[in-house]
Amino acid sequence: MKKAFIFDLDGVIVDTAKYHFLAWQKLAHSLGISFSEEQNEQLKGVSRVQSLEKILEWGNKTISEERFSRLMSEKNEEYLSYIAKMDAGEILPDVPRILEHLILENQAIALGSASKNARAILEKVQLYDKFNTIVDGTNVSKAKPDPEVFLLGAKALGISPENCIVFEDSVAGIKAANIANMISIGIGNQEVLHEADYVFNDFTEIKEEFINQLVATKIV
Ligand code: G6P
Ligand code: MG
């Protein structure tokens with residue numbers, strides 16, 4: 001049975017979640033808004049525009065449209081300064097092992113990320129060629145938890161949503177996978193990602209046998 005395995009990028013393939021956090025924190029502080037790790041959790045999987053909207057809301061701030069777009073560019077420039085230094089060493093543990101296993105098993109592999117920087121990051125860490133299709137922030141109009149990003153990936157691969165398995169580190173992403181009728185696998189904290197069908201701390205806990213079971217499961 002051919003299944004599609006759809007990977008989120010930030011916090012699943014690479015630990016860029018920490019760079020998003022640092023960049024948003026710097027921006028929030030420059031506006032006199034405090035910004036905690038818990039708040040950052042709520043920004044995972046959320047688009048750049050919506051993230052800034054949330055931060056302003058938390059800080060009770062209203063700003064002009066012009067300042068809004070300036071702040072978005074500043075955040076991205078700060079974020080890109082971290083990305084510029086990335087290489088394959090920043091791929092999260094055992095992600096290559098799982099990707100290679102899926103390739104060996106002739107399974108379809110997709111990227112489903114909200115990031116507009118996704119393609120550049122995959123190139124930097126030399127994983128671009130492992131994906132059969134890439135759907136990112138430049139392809140979607142609706143942000144997670146809307147399932148658009150994953151449904152587009154499934155469609156591009158010609159695989160029904162029920163036969164798709166999503167790896168996600170964000171609450172919004174798990175919700176999106178569930179709404180899409182896909183199998184959701186949380187990568188991270190069990191308490192945070194309790195809505196997922198399965199949760200693992202990271203890919204080192206995922207065995208080839210588990211992947212093979214998912215592949216073998218017949219959906220009627
Ligand atoms: C991912 C991250 C978010 C980020 C979003 C947009 O979903 O989890 O933290 O805000 O992508 O990323 P971008 O690189 O386009 O700013
Ligand atoms: Mg993520």
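First residue shown is number 1, and so on along the chain.
Note: Cβ is positioned from N, Cα and C throughout, glycine not excepted.
Some features that TrEMBL has for this protein:
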ACT_SITE  ASP8  active site, nucleophile
ACT_SITE  ASP10  active site, proton donor/acceptor
BINDING   8-10, TRP24, 43-48, SER51, LYS75, 113-117, LYS144  substrate binding site
BINDING   ASP8, ASP10, GLU168, ASP169  Mg(2+) binding site
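Positions of the features from TrEMBL, shown on the structure.
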residue: ASP8; record: active site, nucleophile; contacts (Cβ under 8 Å, 6+ apart): GLY45, LEU111, GLY112, SER113, VAL166, PHE167, GLU168, ASP169, SER170, GLY173
residue: ASP10; record: active site, proton donor/acceptor; contacts (Cβ under 8 Å, 6+ apart): THR16, ALA17, HIS20, LYS44, GLY45, SER113, SER115, ASP169
residue: TRP24; record: substrate binding site; contacts (Cβ under 8 Å, 6+ apart): PHE35, ASN40, LEU43, SER51, ILE55, LYS75
residue: ARG48; record: substrate binding site; contacts (Cβ under 8 Å, 6+ apart): MET72, LYS75, ASN76, LYS116, GLY137
Exercise. When you measure from each Cβ to the nearest atom of ligand 1, which of the recorded positions ASP8, GLY45, LYS116, GLU168 fall under 6 angstroms?
Worked result: GLY45, LYS116
Exercise. Looking at the binding-site residues GLU168, ASP169, which sits with the largest number of other Cβ atoms within 10 Å of its Cβ?
Worked result: GLU168
Exercise. Should we count any of the binding-site residues ARG48, SER113, ASP169 as near ligand 2, judged by a CB under 6 A from one of its atoms, and which?
Worked result: ASP169
For this session: Reduce the DSSP letter at ASP8 (active site, nucleophile) to three states and note it down.
Result: coil
Seminar exercise, completed: Lowest 10 Å Cβ neighbour count of the binding-site residues GLY45, SER113, LYS116 is held by LYS116
Exercise. Excluding ASP8, ASP10, GLU168, ASP169, which residues of the same chain place their Cβ within 8 Å of the centroid of the Cβ atoms of the recorded Mg(2+) site?
Worked result: PHE7, LEU9, GLY11, VAL12, ALA17, LYS44, GLY45, SER113, PHE167, SER170, GLY173, ILE187
